[in-house]
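*Asks:* Grabbed the feature section from TrEMBL, which reads as follows:
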- 30-51: transmembrane segment (TRANSMEM)
- 31-436: domain 'Ammonium transporter AmtB-like' (DOMAIN)
- 63-83: transmembrane segment (TRANSMEM)
- 117-138: transmembrane segment (TRANSMEM)
- 150-171: transmembrane segment (TRANSMEM)
- 177-201: transmembrane segment (TRANSMEM)
- 222-240: transmembrane segment (TRANSMEM)
- 252-273: transmembrane segment (TRANSMEM)
- 280-297: transmembrane segment (TRANSMEM)
- 303-323: transmembrane segment (TRANSMEM)
- 335-357: transmembrane segment (TRANSMEM)
- 390-410: transmembrane segment (TRANSMEM)
- 454-482: region 'Disordered' (REGION)
Amino acid sequence: MVNVTYDASQQLVWTDPNSGETATYGLGDIAWVLSSTALVWIMIPGVGFFYSGLLRRKNALSMIFISMMALGVVSFQWFFWGYSLAFADNASPYIGTLRYFGLKGVLGEPSIGSPRIPGLMFVIYQCMFAAITAVLAIGAIAERGRLGPLLVFVFVWSTLVYDPVACWTWNSKGWSFVMGGLDFAGGTPVHIVSGTAALAISIYLGKRRGYGTERLAYKPHNTTYVVLGTVLLWFGWFGFNGGSALAANLRAIQACIVTNLAASCGGLAWMLWDYRIERKWSAVGFCSGSIAGLVAITPASGFVGAPAAVLFGALAGTICNFATQLKFIFGYDDALDIFASHAIGGMVGNVLTALFAQASVAGADGITVIPGGWLDHNYVQLGYQVADSVAGFAYSFGMTTIILWVMHFIPGLRLRASEDAEILGIDDAEMGEFAYDYVGLEQEIGHTTASTLVGAEGGSREPDHHKQSSSTVGEKPTPVVS
């Protein structure tokens, strides 16, 4: 049994049954981190809606689905051995052990993240981080990935990529943590790792059918979904960054302030850069910039003040905007610009953390002591941040590529969908379900959907792919009034 009582001030007191040592937890701290867990959870479908809105409607539902599917897989993996591999207190500098396999022994003892909350609280909070990292990465399968093999990929990838990087970044035994790397809420484990994995997936899957033609020069099919996804992400990011203080204190408040400020400045910067081209005020541009600002401030949110957050947002909105052109320079098909927004944004955030981290901000929780960054004349911090960023980038790209190619040669586990499935749309080909039923599909599939419509009334639902003319690829879609 868990040996817990309450003291005179009604704070939770845990007693170690072996040594008799006690730990006291503030109920307000637990309540804040529990609330933050729910806030991070809502970000997961937020990613799904954001990705879904950016694509064509024939692939809209699959992106929302994979966000929830990945949550399910990672939640099991985290219980099974993920938490232990990342946060076992007898870990190596690179990865944990199976000490907490199946969450055995994780009860009321102080967490490895903070003595202010119990281990059980830390488990579920960090589970949300593991889940959203996988969701961010697998968006790279957009419009051309199979869903069945994705189940296996998410489990393996979380085990071999996310867990080791989380261990070396946040576990007190991890090499980056011991070295002195500063990463408050996931610049490397969440954003660089997911963005780089998305790059590896994009390269492995190859280009979508019609790449380089007008067929793929489409606008987001549902800008409302993009805005909704951004709203959920921005809302949840208060728990993502503010909750990473692992207590209800001034540092958590400061993290929320800089999070909101960086998102605002990032959105404005990206939107203004887009305005220079089309002379239009783009909602998608503002949303994309807001995400870039949120990504950049993530590693720094517990270390920097409000003035620095303005720079974080403005630089991230600018650099990530221009980074979207990298896919044209290097010839990879990153349909959702995940690498540009998350990997590049994460690196921008890590580097700026080295410049603007302040010991006074970190110490606002009354516990944390750091040497700070360049503002505090700790110039070596830049080397630490670059080393951590490069290590996360290289490890994620290399290991993700290995996982993909090993799965490629296992029957039934190839991640690439067939050309017919790509033409029909992943929603129909892989799920048999639709975001909007059949509205507007004809213009996207590029041929008559008569056979599909017949199928809706009881006949065969398979369209005749063999009648697809190659001349339809590259045609400008005809507007559909619905």
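Backbone N, Cα and C atoms are what each Cβ position is placed from, and that goes for glycine too.
I would like each feature placed in context: is it buried or exposed, what are its neighbours, and how far apart are things?
*Replies:* Same-chain residues lying 6 or more positions outside the transmembrane segment (30-51) and placing a CB less than 8 Å from one of its CB atoms are 12, 63-68, 70-71, 117-118, 121-122, 124-125, 128-129, 131-132, 135-136, 139, 142, 225-226, 228-233, 235-240, 242-243, 246-248, 252, 287, 291, 336.
Residues 12, 14, 23, 25, 29-30, 33-34, 36-37, 40-41, 43-44, 47-48, 66-67, 70-71, 73-75, 77-78, 82-83, 86-87, 103, 106-111, 145, 150, 153-154, 157-158, 162-163, 166, 186, 189-191, 193-195, 197-198, 201, 240, 243, 246-247, 338, 342, 400 of the same chain, all 6+ positions outside the transmembrane segment (117-138), place their C-beta atoms under 8 angstroms from a C-beta of that stretch.
Beyond the transmembrane segment (150-171), the same-chain residues lying 6 or more positions past its ends with a Cβ under 8 Å from any Cβ of the stretch are 66, 69-70, 73-74, 76-78, 81-82, 85-88, 91, 93-96, 112-113, 126, 129-130, 133-134, 137-138, 141, 177, 181, 183, 188-189, 193, 197, 388, 391-392, 395-396, 399-400, 403-404, 407, 413, 415.
Sequence-distant contacts of the transmembrane segment (252-273), counting only residues of its own chain at least 6 positions beyond either end whose CB sits under 8 Å from a CB of the stretch, comprise 32, 184-185, 234, 237-238, 240-245, 281-282, 285-294, 296-297, 300-302, 304-306, 308-310, 312-318, 320-322, 361, 364-365.
Below 8 angstroms of C-beta separation, residues 137, 149, 152-153, 156-157, 160-161, 164-165, 168-169, 176, 188-189, 192-194, 196-197, 199-201, 203-204, 343, 347 of the same chain, each at least six residues beyond the ends of the transmembrane segment (390-410), sit close to that stretch.
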*Asks:* List, by number or range, the same-chain residues at least 6 past the transmembrane segment (177-201) whose CB is under 8 A from its CB atoms?
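*Replies:* For the transmembrane segment (177-201), the list is 93, 129, 132-134, 136-141, 145, 157, 161-162, 165-166, 168-171, 240-241, 244, 255, 295, 298-303, 332, 334, 336, 338-347, 349-350, 353-354, 357, 370-371, 373, 380-381, 384-385, 387-389, 391-393, 395-397, 400-401, 404, 415.
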*Asks:* Might you confirm whether the transmembrane segment (280-297) is in contact with the transmembrane segment (335-357), defined here as three or more C-beta pairs under 8 A between residues 6 or more apart in sequence?
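*Replies:* Contact between the transmembrane segment (280-297) and the transmembrane segment (335-357): present, because at least 3 Cβ pairs are under 8 Å.
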*Asks:* Looking only at residues six or more beyond either end of the transmembrane segment (63-83), which have a C-beta under 8 A from one in the stretch?
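*Replies:* Same-chain contacts beyond the ends: 41, 44-45, 47-49, 51-52, 55, 98, 100-103, 106, 123, 126-127, 130-131, 134-135, 138-139, 141-142, 147, 150-151, 154-155, 158-159, 162-163, 431, 435.
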*Asks:* Given a Cβ distance threshold of under 8 angstroms, which distant residues of the chain, six or more beyond its ends, lie next to the transmembrane segment (280-297)?
*Replies:* 50, 54, 187, 191, 220, 223, 226-227, 229-230, 233-234, 237, 241, 258-259, 262-271, 273-274, 304, 309, 312-313, 315-317, 319-321, 337, 341-342, 345-346, 348-349, 352
